[in-house]
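According to TrEMBL, the protein carries these features:
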| type | residues | note |
| --- | --- | --- |
| BINDING | W54, Y145, K280, S314, R400 | substrate binding site |
| BINDING | G112, A113, D251, H315, S316 | pyridoxal 5'-phosphate binding site |
| MOD_RES | K280 | N6-(pyridoxal phosphate)lysine |
Amino acid sequence: MDHSLAGRSVRHVWHPCTQMKRHEAAPPIAIDHAVGPWLVDIDGRRYLDGISSWWVNLFGHSHPHIRAALTEQLQKLDHVMLAGFTHAPVVELSERLAGLTGLGHAFYGSDGASATEIALKMSAHYWRNQGHPAKHRFVGLAGGYHGETVGALSVTDIALFRDAYGPLVRLSATVPSPDARQARPGETAADVARRAAKGLEAWLQAHHQETAALILEPLVQCAAGMAMHDAEYLRLARALCDRYSVHLVVDEIAVGFGRTGSLFAHQQAGIRPDFICLSKGLTGGTLPLSAVLTTDKVYAAFYDDDAARGFLHSHSYTGNPLACRAAVATLELFEQLDQLVVNRQLAEKISAAFAGLNAHPRVSNARQQGMIWAWDIDTSLPDFAQRYHEAALDLGLLLRPIGRTLYCMPPYVLDDADITHLGQAALAALNTTLQQEAELAAKKGKA
Ligand SMILES: *Cc1c(COP(=O)(O)O)cnc(C)c1O
């Protein structure tokens, strides 16, 4: 019996989004501690966290400011239920989020998927309270990802999930994605956006009477493989939602908190959504927390003497003081460090370090938005993602391609040596993987 931490883990821990049998060949890596952008395993091997531990980490692991805030909070108040009670961290966080977004009412959940569920329920309940009970369906973008609980899956357009769990889910409609890679010769990203918006318009024209909300990931559809689009799409979608009385839900769970260059991605389009979903970076990557922000108008539709007109939703840990305190500390760091400005310079340096990947003959659609980089790899390896991931780990770098799309979404705290390592290891791992492909092809040729 394997008594290592990894061995014990696969016996008793069911790992997420993982075919557990794979761990026979490649056991999970047991992490002992993490500092800044580096993960350190129990044997002392170091891995640069090039995907911010599934897109959650912003200021590096174990940041002293967030750690101090959490330590202090833990001395005082660990948790109290939020129904009938309140506390300073949740109030301060809600005030700050209102100030940053103009959406003045925050409802809390624990994960991204629960934020999606809250936004969908709130939108449909709003229409019911307003005397339009038929408006209870949703529409999303092709390739959209909004989480994996049964309700969130209804607006998540990932074939693998739709096949396995389709019968459990009330599937929503999907309209064309404005993915800029669909540009025809001579078309700009804005042209693609306008073309995609026509698809949305046609759909809303036919179905607005039963539609509560459009949900989308602004600027970058991350799980679809970092599909990027022009902000023009968001402006057109906002105008169409207004025209057809349909809510616009922006899912900023992955793209919020500076990922795309602005604090929130939709701000680059100059629009105001009806709902904003936040999670992942909200606590700087320390604790699970999600929030749905909405407008005075939506809030007012629930404000009544009748309990059934109130929003009927709760999670036991709603507004957990520790998580909220970590989120406040995270927002303080953005201010103190002027992080959006810092990121602009950092992104330039990182882009320069990726020159080798950008120019690689097997790479197409090299793209960047803020602190997100992606490349489509021309490879015939069906298991490219797994092979690349392992090759990068061997070189001390954590990257996990999505299908044949390689991407990087690092924490905002890389120094010059980290950046050099990132650029070199990312390129070397690609060459190693393509070398394996060549060897496999040669073997097949001989056989
Ligand atoms: C990760 C993600 C979610 C789901 O968040 P979980 O915390 O994993 O449930 C929802 N929407 C987007 C855009 C995401 O990237």
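Residue numbering: from 1, along the chain as shown.
Even glycines carry a Cβ here, placed using N, Cα and C.
All annotation found in TrEMBL is predicted automatically rather than curated by experts.
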Rounded inter-Cα distance in Å - R400 (substrate binding site), S316 (pyridoxal 5'-phosphate binding site): 33
Binding-site residues whose CB lies under 6 angstroms from ligand 1, from W54, D251, S314, H315, S316, R400: D251
Pairwise Cα distance for S314 (substrate binding site)/A113 (pyridoxal 5'-phosphate binding site) [Å, integer]: 14
Those residues of the chain, 6+ apart, with a Cβ under 8 Å from that of H315 (pyridoxal 5'-phosphate binding site): Y108, G109, S110, S114
Binding residues W54, Y145, K280, S314, R400 (substrate) - maximum C-alpha distance in whole Å: 34
Rounded distance in angstrom between the Cα atoms of K280 (substrate binding site) and D251 (pyridoxal 5'-phosphate binding site): 11
Binding-site residues listed as K280, R400, least Cβ neighbours within 10 Å: R400
Cα-Cα distance, maximum over G112, A113, D251, H315, S316, record's pyridoxal 5'-phosphate binders, Å: 23
Other C-beta atoms that fall within 10 angstroms of the C-beta of W54 (substrate binding site): 14
Winner by Cβ contact number (other Cβ atoms within 10 Å) across the binding-site residues S314, S316: S314
